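Visitor: Have a look at the structure that comes next, please.
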């Protein structure tokens, strides 16, 4: 087995590792370095400016707004999405009634249909979803306001994306719509691996649905919920929120920066305003927020691992 | 679905799963059943409501794509007066959807093949060979799954620009491959570890070289894993929005998501909403069809990462 082993290893690793280092690792390291310079991105010249960019960031009102919005995204989105998904997947996998001759633990009728349908939005590009909802939110001819008119609420015609106090929530609702299905499927896979005799025992003891959920399903699913939480938070801070905010809100960034999130601000500073160094500084702040978020969730969620 | 609302006296059909072994008194049983009924109606209601909320926007988009512009504005929820197929043909030819499709197919085909070949090569070496630095390279790869891409995007733009790869299809392909490697390597490393070593060893003893063993024996054995991770990457690359937005600004090279967003922005002048909706629906169809056909593998691919 030894003959030519190292030549083989190097031959097989060189290309993938090279591409990865060139397009992912190297830019990543560079961006931290650039955050200490005054590089515009337009010309190759720049000089070191120490912590100037970081000082400027702390005085930047729009940065604080974007940070605030990103934090709302990272906290509210996982909470809403995961709660909904836990409820749905519990109903789909455990909430059913025993049918004669069937398994003890079963989902409600039509559960496989629900699982397939709920997942639909997940396979669509977030860009397409964002476009679709931008039309649905249109105050005059959009689907949502026309439903409101249809059910006699003609006086309630919000501007949705045009209203600074509503725009952020309207955008977040779209992300909830598009991600719940993924978590339903994820949690369903987790629930399928919980042994049925645990449920059987609980049912014999007379446990209802609620206590079955809180005493058995949730504790045994905790690891999955936690990693789902981190995953959703990273999405909410990163690419997904960029697409929805950039596409859906006017400006972009919403009326009076009411929907600007950190990723969008990085993009605007780098590619619209020609302030590449400052953009990477906000990017570093985004990295810190992401890591802090993940660490916090892991820490708060830590509990004794249950073996089964 | 409403069978449990009225307390049925037949034990076999009753809502309480423990009916046969329940030795407690009648009143307690009745009470629980009633509580279950209310919960049942609520739960089923929620499940149906969410299915409705997922399907309605999609149906609305399909419906709208067959209407003429005045109908879109005046009665968003009415059925089309007749099927305006001209929207579809206009979107396909005049609005350049055919070009966007072609570009997307080229980029995704190239990236998908590249990702699978390079990803499985790296994963195979990392899973099967012991060499100094193995763990380090493995963690370097999977570390890429959790950091915000936006941070690397600013320097990445200049790396790609300096190599003369900006606004080229092959440049986009290389970057897609690099950013798809973390999950692909992670998934396939775990997969190769589960494959039996004896077959590969036998082949090697018979005089096959390392690379021959890999391509003729290990790769065919890894087919199920390659399909799962391949579909995952297909969806991700087909739906990619952020990378092309930054790295691909030539109007002729636009991919679907970009093209649609640009189209929506320019519709403000042209006012061809019906054509845009036709384009949106067109872009949704391939992924929805792919999902329905490969539903099992999609779910396996998407959940494997988060469950570990």
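The chain as shown is numbered from 1 upward.
Each residue, glycine too, has its Cβ placed from N, Cα and C.
Nobody curates TrEMBL annotations by hand; they come from automatic prediction.
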Visitor: Which of these ranges is annotated transmembrane segment in TrEMBL: A:229-248, A:249-268?
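Guide: Matching range for transmembrane segment: A:229-248.
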Visitor: Which range is it, out of A:144-165, A:166-187, that shows up in TrEMBL as transmembrane segment?
Guide: A:166-187
Visitor: Write down the single range among A:46-70, A:71-95 that appears in TrEMBL as transmembrane segment.
Guide: A:71-95
Visitor: List, by number or range, the same-chain residues at least 6 past the transmembrane segment (A:276-298) whose CB is under 8 A from its CB atoms?
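Guide: For the transmembrane segment (A:276-298), the list is 31-32, 34-42, 46, 49, 53-54, 56-57, 63, 66-67, 70-71, 74, 226, 229-230, 233-234, 237-238, 262-263, 265-267, 269-270.
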Visitor: Before we move on, state whether the transmembrane segment (A:229-248) and the transmembrane segment (A:7-29) share at least 3 Cβ pairs under 8 Å, counting only pairs 6 or more apart in sequence.
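Guide: Between the transmembrane segment (A:229-248) and the transmembrane segment (A:7-29), contact is absent.
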